[in-house]
Amino acid sequence: MASACGAPGPGAGPGAALGSPAPAWYHRDLSRAAAEELLARAGRDGSFLVRDSESVAGAFALCVLYQKHVHTYRILPDGEDFLAVQTSQGVPVRRFQTLGELIGLYAQPNQGLVCALLLPVERERELDPPDERDASDGEDEKPPLPPRSGTSVSAPLGPSSPPAAPEPPTPAVESAPNGLSTVSHEYLKGSYGLDLEAVRGGASNLPHLTRTLAASCRRLHSEVDKVLSGLEILSKVFDQQSSPMVTRLLQQQNPPQTGEQELESLVLKLSVLKDFLSGIQKKALKALQDMSSTAPPAPVQPSTRKAKTIPVQAFEVKLDVTLGDLTKIGKSQKFTLSVDVEGGRLVLLRRQRDSQEDWTTFTHDRIRQLIKSQRVQNKLGVVFEKEKERTQRKDFIFVSARKREAFCQLLQLMKNKHSKQDEPDMISVFIGTWNMGSVPPPRNVTSWFTSKGLGKTLDEVTVTIPHDIYVFGTQENSVGDREWLDLLRGGLKELTDLDYRPIAMQSLWNIKVAVLVKPEHENRISHVSTSSVKTGIANTLGNKGAVGVSFMFNGTSFGFVNCHLTSGNEKTARRNQNYLDILRLLSLGDRQLGAFDISLRFTHLFWFGDLNYRLDMDIQEILNYISRKEFEPLLRVDQLNLEREKHKVFLRFSEEEISFPPTYRYERGSRDTYAWHKQKPTGVRTNVPSWCDRILWKSHPETHIICNSYGCTDDIVTSDHSPVFGTFEVGVTSQFISKKGLSKTADQAYIEFESIEAIVKTASRTKFFIEFYSTCLEEYKKSFENDAQSSDNVNFLKVQWSSRQLPTLKPILDIEYLQDQHLLLTVKSMDGYESYGECVVALKSMIGSTAQQFLTFLSHRGEETGNIRGSMKVRVPTERLGTRERLYEWISIDKDEAGAKSKAPSVSRGSQEPRSGSRKPAPAEASCPLSKLFEEPEKPPPTGRPPAPPRAAPREEPLTPRLKPEGAPEPEGVAAPPPKNSFNNPAYYVLEGVPHQLLPPEPPSPARAPVPPATKNKVAITVPAPQLGRHRPPRVGEGSSSDEESGGTLPPPDFPPPPLPDSAIFLPPSREPLPGPGVRGRSGGEARALPPPKAHPRPPLPPGPLPPGTFLGEAAGGDDRSCSVLQVAKKLSEVDSAPPGPGRCLLLPGPLELQPARALPSDYGRPLSFPPPRIRESVQEDLAEEAPCPQAGRTGGLGEAGMGAWLRAIGLERYEEGLVHNGWDDLEFLSDITEEDLEEAGVQDPAHKRLLLDTLQLSK
């Protein structure tokens, strides 16, 4: 039996002998998903392993494979520390002293398990030999600290502890640092007996022990004398009178000869030293107070000084006008916009031809909205309030996109400063990370604090504006904690005149994180928590690990993680494991959310540090690319980007585009040379230049966060790493108010679920339930077990809950705050109560009188484990729905610039007039264009649903794409990608591009839905229907005899997939649209335009068998399982992306009766590493100009495509980039261009200038 199961017989389990190794079938810290994967590889019935339980501390989980399904049994300890397999009610319980006994019994047949335990699945071997240290690439190695306390030391295998044995303790005398151990040993060996005899004879002292102590402390006499002598000199600086006792002791040359007298003298000296130290402090204090009383009055304390005032900033702009306006006002006008943040005013100064000036002043409350242009990165629309609540919009062209961003930041700061709200809607956060190389920092680190240097930096007019929160993460920081904190506070005070308050400081070895906030925010911070995790050998030794801080800012939770991961080019897998260990073991945030890892526990989580991911490229190629400032090829081989694409680390995290050179490994004292050679005893070590120092973040869905800068300094050269900075604009919520104090008659909000369906990556066939957590709930709620489940594939399980199984949730918060709340869901099994996946759903889009759809992914322990969708509604009384516009919603993105010239500007989304509820939609509206279907704001439906709360404006894309200078045109024929939602995180987005064949089935209509008439600037978009029998899941092997073998781990056909890349809306023109009732919006209103295709879409999956090693359970080539769970589903539904033929429109078929889902990232099916290129054209214009549909009549002017065609026609296409960059992007505006304007755009040749002007004159 022992040979079969790998365990000793009863009574001889691993816990019976303390030094025995752990049995092969036991896997410490193995996740449930990894256990199922190991068993799937084993592939034989009766394969088993034992792992730690994820739900109960001290318990175990026995996993058994039978008929390709994994069965899990919980092994629980009882009150007497016996172990027993959890059984159904009425089944007798068998108790065991050790796991070995338990496994030995159940290895026999017919013992109550699904099958006997036959084949133990052993642990995988370590990726790296245990003797290899982290600092394999030459980083400074710190001496390892002793292990953690005994609570974390492995215990022997027994009823309640994992099977491992601790090392026997080393006697203390062996580690004693001085010679006292020898003296003690001699006394105990010889003189001890003499003292014992003396005591027995009636002696009252121990002469031999006294002599031993006196001999041991003899050197201390001279040391105390030296200290007393030095302190006496220091004392005379403040007081001329010296201490007579100290003088007498120092003049005493001959110490007593007897041991007892010698000890008495030493004790006297120590007593005098203690009093002398305190006396010196009192003398110094008195002397300094006397000096200050005679000195002139001291200035006001710096802590009471206000922050430096922000000077008035001026911006040179041009007024962007239409051709019709130009005929009235003549030449294009130039303005100076002066922003007075302190005074709350914006002054528009216009210079007239006769040198006169005309200016208009607008107070902060009369600036209603800022509208950023997608097409022109330096163009901004400003909506001003005129008399009688009328508004006027003016469009300005700034010198550069960076100036436009600075102007927007100043106006937001002005709005915030003069807001009537008691609590802020938005704060700014600075994140800094720096590996200091075990060297003290230079005196001046201002460039780090002010985000100056290389990459995406702040404009000079905004760098001095203090941030609300500063977070500094350092590695290899040899400065003491208090000294480091004082250095940071001093630097910030010198820079801002503010005394920043330290909120938290956490250290692990030389890894530190410090958080400082403005004094005005100190009372808004609560629930501060700190934690640390060691990731060295056995997660105990070494100098690598992570520290973290979390807190609440009013009602918004923040988490910050600073880490130092394993170094070495070849240690990618170990770095990945470091990340997963930190994710699982770092204890931060609300303890009630222990079922969720820290990536889901916070509204905003920032993760930064020396991640140590390297570049997989030859050193000379890397240096060549860096010298040419070409970073795109290097980012393609960046290990962190590659691992994120494979969904192995930082799942759904975001990172701003990298536009600065690698920050490691520089020659100390310079930023001109990379020191990529390191001489070591084992040979020469190569450290290729790499972006080791990174800042990433992850935020809850429908929250506001924008990265304003991401770069590194170029003037701090003490370390071989450059400091990295990032600044963020983050939306925050007010402190929530409990509803318990309200009257009982007050209307109550509640959350109802109609149905939920989850696809879970598992080979188990157990039942499941859902737990619901939220700060708006008094306690967590749970559903009943699912009432339906099915599986078309062995490695995926679809589970469903109807409304009868789902609870009704009753929030305890005031209704106004619900739109800022989120629900956290975890899907757990009934057999082991272990989580199979967690997710977050925002309530903002769910508020309304009708049910709304959500769809999002599930993850567990940092790995993607499936997805979940459902129908729910958050019912809120209309009269109590909070609709206050947030400050960050004040800036929006112009989505329809072509039509904006002829329409009155919208002041804000929340203030739009609702559509009349009496008008019945026309039949054609059922299949109208999707121009409104996936847009953020909703108009109230005829059913009387209250208007949805306003959302934040979409955030602008990075200003400069990789390898493309500012102002460079996009490639012709390639549409620009849509803008990212301002809820700028990849954890949530409106569902777009979902293949129709995977949406809920609907009875076919006998007649094709009529094509709607095109509205202004909109185009009908449809997706051809699939021909029956054409779309089959691709087969893994042609010769497979069973469905399960041929399917591998393909998901079931109705697996709800992530949205395809936007290019999937362009399909071959040969297929016919599916007859159906058409497309409907969320509330039966207008449809909305789908976004255009990505500028660089991924190629579709080629037909034929999928590559081997892609799916779970198959032998992969190497250990790279890069295909994520939801990519598996995507591969089943990938479609061709050829553009439509001439004259053909794309129609989306009818089965969109379900409301559009709202909880998936817009880039769900593509890697998150590389931000899309710059947006050059609005969504509707792209579709209107590029889709040759007869319904899509154009009303806007020619865009960039028209400009390019005109320049090519006259042979001057070389000037297109310069003209567009300077705002001349439309032929309608060119009629007013002058020679001066042409020169500014780069046209210097007189002949070319004359040709351009003559051609424009002829075209009038």
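Backbone N, Cα and C atoms are what each Cβ position is placed from, and that goes for glycine too.
Given the ranges 561-580, 1181-1200, 1221-1240, the record in Swiss-Prot names 1181-1200 as region 'Disordered'. The most densely surrounded of the modified residues SER892, SER1259, judged by C-beta neighbours within 10 angstroms, is SER892. The DSSP breakdown of the domain 'SH2' (25-121), given as helix, strand and coil counts, is 19 helix, 30 strand, 48 coil. Mean per-residue pLDDT, taken over the domain 'SAM' (1198-1260), amounts to 78. When the alpha carbons of SER1259 (phosphoserine) and SER892 (phosphoserine) are compared, the span between them is 35 angstrom.
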